[in-house]
Amino acid sequence: MNGPALQPSSPSSAPSASPAAAPRGWSEFCELHAVAAARELARQYWLFAREHPQHAPLRAELVSLQFTDLFQRYFCREVRDGRAPGRDYRDTGRGPPAKAEASPEPGPGPAAPGLPKARSSEELAPPRPPGPCSFQHFRRSLRHIFRRRSAGELPAAHTAAAPGTPGEAAETPARPGLAKKFLPWSLAREPPPEALKEAVLRYSLADEASMDSGARWQRGRLALRRAPGPDGPDRVLELFDPPKSSRPKLQAACSSIQEVRWCTRLEMPDNLYTFVLKVKDRTDIIFEVGDEQQLNSWMAELSECTGRGLESTEAEMHIPSALEPSTSSSPRGSTDSLNQGASPGGLLDPACQKTDHFLSCYPWFHGPISRVKAAQLVQLQGPDAHGVFLVRQSETRRGEYVLTFNFQGIAKHLRLSLTERGQCRVQHLHFPSVVDMLHHFQRSPIPLECGAACDVRLSSYVVVVSQPPGSCNTVLFPFSLPHWDSESLPHWGSELGLPHLSSSGCPRGLSPEGLPGRSSPPEQIFHLVPSPEELANSLQHLEHEPVNRARDSDYEMDSSSRSHLRAIDNQYTPL
């Protein structure tokens, strides 16, 4: 593994190379060296972890993936640079070509170590007698003139000639040639940045256009390079579009990367292996790779460049919260039923307490109900309830929220983030408030991967209702308002237009003490369906009362005249 393995070793060095028997084939050869490399890598892994406790330890799988990528790159480079000049490594073991047998034996000449370092085998060959001018000779001359040498190779050639005679050392820089006279820029240039990782991926820019029309995936080449900087070598991330382009479309230093993380299933439900890259003062970019191995490899590389470990990200996603409802005493699967409501009376995280007052006054906010319950609420009527939604607290990320909506009979979940000022972020769009976000998705379709065929707009929402004490016969009854603008909701009309709403600004009857599900009894998601006689009496009683009267019961009135109970006219009422 440490030497050029494809070159045949000399008979004198073969017995001392290894006490074991020589491998009988390439498979045994690869297995022998893989075992040795794995043993050495594991030893160095534990040694580095003990000597550098300040670095967060990476899992062995991520280390092996990164080691495999780097090993393949450096191994191919060593084999390419270490083989004999003018010979392909695939010709190892074959006899010399036929032309070599007919060629005359070269006479004794200067030894090979005395020659200056060159880039091709033509300069290592002995001088040939001048022949007639031909096209091949002219092409070789032009190739020699226009050949570009990096800046690092010019001192090496001078150093290689230094151990020889003083005449040779002085003769090398004394022959500038035509290239130095007429083409001085072709002799030296800045060395190209070293490629640490490179692959062709699909990417999408998370901007306003992509949010309105859906994600537009493009093919590009993502390259992670090590470039020289004023404070030492720095790592640079470059995106080339098209992939074979020589100039990057986007370029950013790894020090300017603010966040790199996996995309959750809520953000990319139809794309499994995606990660998002957030660069300072740039548009967020979503990348998609082919499989999980490539995803973990890229995440390990980028996390190492930014100085953020992967363990903290994974712990945030997978560690369950001790304050999660219905999870402290029994598993989630055994308690997720419609007969058990969430209990918001317990203590919440400080992050939840800072942002809950922005949403607690609205009837579409259901608090800490589970993902299964939210899905059951929005998909009760199947495809007929297309666009019905509710907002709830996130189960896995405390302090964040989820927009659950019905898409052709299937529940979809979209994660929301709120700042301390009430500003809302959905995927990569920012809104002044959650209400502005809901109005946006009422007018514009929610972007899904399937494009125009998956058009879904928010049409109505499920209202939070509570179960009266002492009631035992209940029927699942989600309320929904097909027209939920400020004109159709006299009780919440002024509040829906507010970008930020504190708990003190809740309308009368909807204060935190009087909110359904916010009082001392636990929140329930049921409602009693009254008898036809009671509904008729309620209609007669409501005709003589003012329209703007505060709500006295849990029944929601129609938006036009407020004279019809939503329990009758609601097209989403289950039979």
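Glycine is no exception: its Cβ is also placed from the backbone N, Cα and C atoms.
Copied from Swiss-Prot, the annotated features are:
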DOMAIN    194-307  domain 'PH'
DOMAIN    364-462  domain 'SH2'
MOD_RES   Ser13  phosphoserine
MOD_RES   Ser103  phosphoserine
MOD_RES   Ser120  phosphoserine
MOD_RES   Ser150  phosphoserine
MOD_RES   Ser330  phosphoserine
REGION    1-23  region 'Disordered'
REGION    83-136  region 'Disordered'
REGION    150-176  region 'Disordered'
REGION    322-346  region 'Disordered'
REGION    503-525  region 'Disordered'
REGION    546-575  region 'Disordered'
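DSSP labels the residues of the domain 'SH2' (364-462) in these numbers: 26 helix, 31 strand, 42 coil. Across the domain 'PH' (194-307), DSSP helix (H, G, I), strand (E, B) and coil residues number 24 helix, 49 strand, 41 coil. Here the domain 'SH2' (364-462) returns a mean pLDDT of 83 for the predicted model.
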